[in-house]
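Chemist: I'd like to ask you about the structure that follows.
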Amino acid sequence: MGRDERFPVWEAALGAGVAAAFAAGLVGVYLSMPDSDYSFLKLPRNLEELQILTGHLENYTSDYTLQVLVGYCVVYIFMQTFMIPGTIFMSLLAGALFGQLRGLALVVFAATAGASSCYFLSKMIGKPLVFTLWPDKLSFFQRQVAKRREKLLNYMLFLRVTPTLPNTFINLASPIVDVPYHTFLLGTLIGLIPAAYVTVRAGIALGELTSLSDLYDTQSIALLFLIGVVSVTPALLGKDKAQEKPSEMAVGTS
């Protein structure tokens, strides 16, 4: 069995070490909070659980702001790093607890940090997983990255703004198809802002939400796609110009 087909022990140990570091951070936050019943502290899986969690955390946020912030970031980054579903509820929670501007900054920071952590973890141990779960998507992504190498940032912005490819897949596959980290970082940091803005804004009126489908109305979806088209246009124009040059050279030599 080749090296790329198995998980070396040291890499598995590294992944476990990362998880342990996150767990230690959560334990530290928990121990620094006042004595109380924390049975409500669990990852929300639906809007009802999120509303219950928000109601309890609002009582602590003003007096224990630092602990809540650190705990929030650790949980969000952990979820992003290890592909745990539910970060959309965490984004809603940021809006409910911290308001529009602070909530947006918090979500963009935590989401970018979590995506970066996933990027580097995948760079070390992710290749077998991505090849197994998404072989076709990986081939498609690799071809697109190769074609848009000169305007790769625009393409990454397009992917982050629009639901063309899942964010989890982008985080895992980017190092495998040789997307440079600085391009990945900028594309993630900037590209996540529009969707984060919509979600955080919805979190401010969390009590009025009845389902996740209420988050994205027709206007919001149209705006996200418009931003995505604008971001990818330079890459498409660059591609067309590159195709025109060989044609002009061929005409000139004939």
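A Cβ is built for glycine as well, from the same backbone N, Cα and C atoms used for every other residue.
OK, TrEMBL features for this one:
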type: DOMAIN; residues: 84-203; note: domain 'VTT'
type: TRANSMEM; residues: 12-33; note: transmembrane segment
type: TRANSMEM; residues: 69-97; note: transmembrane segment
type: TRANSMEM; residues: 104-122; note: transmembrane segment
type: TRANSMEM; residues: 184-206; note: transmembrane segment
type: TRANSMEM; residues: 218-237; note: transmembrane segment
Chemist: When you scan the chain for residues with a C-beta under 8 Å from the transmembrane segment (104-122), skipping those not six or more beyond its ends, what do you find?
Modeler: 15, 18, 69, 72-73, 76-83, 87, 90-91, 94, 98, 129-130, 167-168, 170-176, 181, 184-185, 188-189, 192-193, 196-197, 199-200
Chemist: Do you know the DSSP helix, strand and coil residue counts for the domain 'VTT' (84-203)?
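Modeler: Looking at the domain 'VTT' (84-203) with DSSP, the answer is 100 helix, 0 strand, 20 coil.
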Chemist: By a Cβ-Cβ criterion of under 8 Å, what residues six or more beyond either terminus of the transmembrane segment (184-206) are in contact with it?
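Modeler: That would be 47, 50-51, 54, 88, 91-96, 99-100, 103-104, 107-108, 111-112, 115-116, 119, 153, 155-161, 174-175, 214-216, 220, 223-224, 227, 231.
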Chemist: Would you report the average pLDDT that the model assigns to the domain 'VTT' (84-203)?
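Modeler: Average per-residue pLDDT within the domain 'VTT' (84-203): 92.
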